[in-house]
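Engineer: The structure is given below, and queries will be raised subsequently.
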Amino acid sequence: MRDYDEMTTFLGEWGPFQRLIFFLLSASIIPNGFNGMSVVFLAAVPEHRCRVPDTANLSRAWRNHSIPLRVLDGREVPHSCRRYRLAAIANFSALGLEPGRDVDLEQLEQESCVDGWEFSQDIYLSTIVTEWSLVCEDDWKTPLTSSLFFVGVLLGSFVSGQLSDRFGRKSILFATMAVQTGFSFLQIFSINWEMFTVLFVIVGMGQISNYVVAFILGTEILGKSVRIIFSTLGVCTFFAVGYMLLPLFAYFIRDWRMLLLALTVPGVLCLPLWWFIPESPRWLISQRRFSEAESIIQKAAKMNNIAAPRVIFDPMEELKLPGQQKVLILDLFRTRNIATITIMSLLLWMLTSVGYFALSLNAPNLHGDAYLNCFLSALIEVPAYITAWLLLRKLPRRYIIAGVLFLGGGVLLLIQFIPADYNFLSIGLVMLGKFGITSAFSMLYVFTAELYPTPVRNMAVGVTSMASRVGSIIAPYFVYLGAYNRVLPYIVMGSLTVFIGIITLFFPESFGMTLPETLEQMEKVKGFRFRKKPRDSVQKEENPKVLITSF
């Protein structure tokens with residue numbers, strides 16, 4: 001009985017075919033970096049105050065004192081949602097009374113912004129917040145916009161796994177790519193907030209589906225040694241490239257509609273990749289479509305200038321094939337062992353996601369330039385991914401994931417002890433926390449893919465990724481905890497990150513194990529021993545086949 005890796009060993013690990021797949025699939029992730037974080041600038045909230053109509057009969061002094069002051073972060077600033085009752089101050093102005101000298105401003109009656117708002121254009125020319133006045137009584141719509149995008153991401157995480165298991169990796173990859181690009185373009189023509197958010201949900205569905213399916217397709221096509229570097233330096237780094245380009249685009253294009261148009265164009269450029277990216281041979285074999293899988297491998301061998309065997313996949317041979325068993329989502333909970341791993345995976349993904357997205361969404365709100373802070377938040381992900389790749393090559397998965405989670409959570413807990421005046425130090429700790437959490441996040445895809453067998457691998461990554469989107473849905477509200485206390489978001493995020501780091505230590509270890517092909521093989525993963533193992537099974541685990549080799 002042979003497995004897929006054994007039958008395709010002759011292809012080598014890093015030939016022209018593997019390099020082409022590596023870079024094309026990685027490049028298809030760049031638009032995800034745009035769309036995944038675009039809400040940071042699309043829904044940015046500029047400084048604002050109540051509008052006082054030009055027709056109001058007010059003296060210069062009363063016009064300058066028409067907005068009450070409030071204390072924010074230790075300093076007095078104009079109130080964003082209140083003004084002095086216009087009829088009253090107009091009467092005082094007509095009588096020639098001076099504010100502060102003849103009239104006690106603290107005793108004046110106030111009213112809401114019945115004439116709308118004036119928004120500062122120092123940073124943003126327009127956002128959806130200024131377009132539809134999503135402030136004051138409607139300020140709840142701003143975090144909800146982000147959350148609804150991630151609701152779409154959640155739905156896409158669930159649907160993408162099942163659709164790609166049913167219809168194939170390649171078809172769903174490009175279908176979701178078209179959904180993401182097409183509906184992003186339609187958002188430009190939104191006439192109200194409701195239309196924008198409905199389209200944003202659909203964009204979110206396409207965004208994560210594209211990401212997950214591209215990851216799975218690369219994992220199943222590429223060899224063992226390249227699989228890890230693709231999952232970290234490939235997919236994740238190219239996502240960070242798109243993320244880094246976002247503040248660059250936003251800096252030069254400060255109108256939200258034009259920015260959205262500019263961010264949509266790169267997605268169109270990825271559609272011609274259909275003619276260069278093949279279907280997953282592993283998936284074709286699972287569907288018992290041997291001839292199509294063999295054709296792809298033959299073409300790969302020709303591209304690598306390697307002579308392939310005349311028959312690679314013999315349908316009559318007893319093979320370790322994922323297609324030999326029908327699976328459902330309930331198979332992720334089939335046994336006590338698998339159910340335990342799945343529940344722990346759901347928690348790990350969800351809480352890690354809370355930290356990652358809350359820190360990312362909060363970057364423009366940090367002290368200093370919003371565009372620079374967002375760029376730094378994206379830039380720190382590159383060394384985080386490189387670190388993750390280096391750690392994944394040599395060290396056990398559960399220990400390195402727990403270690404970087406402890407680092408990220410620990411520094412976030414330290415922020416509460418930093419004085420408010422030391423903004424540069426707080427920003428440094430935030431970026432270090434983002435580094436640790438991002439490293440862990442990038443490892444989760446590899447760790448989950450290694451734990452689950454081929455029949456349910458895509459479903460498992462999709463479902464656990466779906467759990468992470470529950471975290472991303474509530475992440476915007478972690479950001480808004482800062483309105484009550486500056487350090488409260490970091491205390492909560494840091495505590496949750498340390499907690500899930502402890503949980504990670506109880507996972508089974510996948511380092512050094514062959515990629516499982518059946519649910520039965522998954523049950524043999526070391527770490528959860530609910531029954532005594534036979535002697536030959538123990539010997540296999542003491543001398544496992546190495547998964548990661550020098551690249």
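Using the three backbone atoms N, Cα and C, a Cβ is placed for every residue, glycine included.
For reference, TrEMBL lists these features for the protein:
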- 20-45: transmembrane segment (TRANSMEM)
- 88-512: domain 'Major facilitator superfamily (MFS) profile' (DOMAIN)
- 172-189: transmembrane segment (TRANSMEM)
- 195-217: transmembrane segment (TRANSMEM)
- 229-253: transmembrane segment (TRANSMEM)
- 259-277: transmembrane segment (TRANSMEM)
- 338-358: transmembrane segment (TRANSMEM)
- 370-392: transmembrane segment (TRANSMEM)
- 399-418: transmembrane segment (TRANSMEM)
- 424-447: transmembrane segment (TRANSMEM)
- 459-481: transmembrane segment (TRANSMEM)
- 487-507: transmembrane segment (TRANSMEM)
Engineer: Among 229-253, 259-277, 370-392, 459-481, 487-507, which stretch has the highest count of C-beta pairs below 8 Å with the transmembrane segment (399-418)?
Structural biologist: 487-507
Engineer: Mean pLDDT for the domain 'Major facilitator superfamily (MFS) profile' (88-512), as a whole number?
Structural biologist: 82
Engineer: Check for me, if you would, whether the transmembrane segment (259-277) reaches the transmembrane segment (172-189) - at least 3 Cβ pairs under 8 Å, residues 6 or more apart in sequence.
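Structural biologist: In contact, yes.
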Engineer: Looking at 20-45, 338-358, 459-481, which one has the highest count of Cβ pairs under 8 angstroms to the transmembrane segment (487-507)?
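Structural biologist: Against the transmembrane segment (487-507), the leading stretch is 338-358.
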Engineer: Do any residues of this chain, six or more beyond the ends of the transmembrane segment (370-392), have a C-beta under 8 angstroms from a C-beta of it, and if so which?
Structural biologist: 33, 37, 40-41, 44, 123, 228-229, 232-233, 236-237, 239-240, 243-244, 246-248, 250-251, 359-360, 363-364, 400, 404, 427, 431, 434-436, 438-440, 442-443, 446, 548
Engineer: Looking at 338-358, 424-447, 459-481, which one has the highest count of Cβ pairs under 8 angstroms to the transmembrane segment (229-253)?
Structural biologist: 424-447
Engineer: Sort out the residues at least 6 away from either end of the transmembrane segment (338-358), same chain, that have Cβ-Cβ distances under 8 Å to it, and list them.
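Structural biologist: For the transmembrane segment (338-358), the far contacts come to 150, 331-332, 401, 405, 408-409, 412, 433-434, 437-438, 440-441, 444, 448, 451, 460, 463-465, 467-472, 474-476, 478-479, 489, 493, 496-497, 499-500, 503-504, 506-508, 519, 522-523, 525, 528.
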Engineer: For the transmembrane segment (195-217), could you work out the same-chain residues 6 or more beyond its ends whose Cβ comes under 8 Å from its Cβ atoms?
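Structural biologist: Distant contacts of the transmembrane segment (195-217): 25, 28-29, 31-32, 35-36, 39, 128, 144-145, 148-157, 159-161, 163-164, 169-170, 172-173, 176-181, 183-184, 186-187, 231, 235, 239, 277, 280, 445, 449, 457-458, 461-462, 465, 469.
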